[in-house]
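Student: Can you read through this structure? Questions will come right after.
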C-alpha cells in the first residue's frame, strides 16, 4: 500500500470519510457474521472435524453465513483502508467487486423471471436434497422447520416428499419411530397447547389422505412460496431496490474518490 502526501492540493475529505463511514458498517457486520458462523461451527464440532461439512449432502446454513461474512469483511476492509490511505488499487477492487455483485444480482433476477420452470425444478431439487439431510444438521433442521411453520407447508410439493428422508420413509425396512410420519413443523398448531408436541406428526401418513387436512399442512412449500411472492411483490421489490441503491451509492463514492485522487496526482506531477 502506498500513502500519498500532496503539497498543493488535497483529496476531498467529504468523499473520503463518507466512503469510510459507508464501509465501516459493512466491515463490522462482516465481523459479526464471521463470529456467529465460527461460534456455530464450534458448537457443532465442525472446527475440529471439517468432514462434518463435506459429508452433509444438504445446505449447512452456517456456510452461507460465513460466505456472506467473508465477502462483507473483505469489501468493508478494502473500502475502509482504500479511503483512509487514498489507495487507488484497493478502491478499484472495492468498486469492481460491488459492481460485479450488482450485475450478478440483476442477471439472476432477469434469468429467474425468464426461466421460471427451470428455477422451479432447481428449487424442488434443492429442497428434496435438504429433506434427505434433515436429521444430519441441527441448523438445517431448524431452517426447514421455520420455513414450514411460517409458510404453513410441508415438503417440497407435499407431505409425501418426506419419503426422501430415511427416518420418515414409509418403507417396511425402516425401523424408525418416525416412519411414515412428518416433522412437527408440518403439524397444524393447536392454540390450546402451550407446549409444542414434537410427536404430533408420528404415523400421520399411514392414515388416509382425506384425514391429513385436520392434522398437518398438505400444501407443498414450493407452492406456498409461489403464492407468497405475488402477495408481497412490493416488499420484495422494495428490498431489492434498497440494496441496489446502496450498492450504486458505494460505487459512486468510490469512483468519485478515485477520480479525485487521480486528478490531484496529475496536478502534482507538473
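Numbering starts at 1 and runs along the chain as displayed.
Just so you know, glycine gets a Cβ as well, placed from its N, Cα and C.
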Student: For which of the residue intervals 211-232, 233-254 does TrEMBL record transmembrane segment?
Tutor: 233-254
Student: Can you grab the distance from residue 186 (disulfide bond) over to residue 154 (disulfide bond)? Cα atoms, rounded to a whole Å.
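Tutor: Distance (Cα to Cα, whole Å): 5 Å.
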Student: What is the interatomic distance between the Cα atoms of residue 153 (disulfide bond) and residue 170 (disulfide bond), given in whole Å?
Tutor: 20
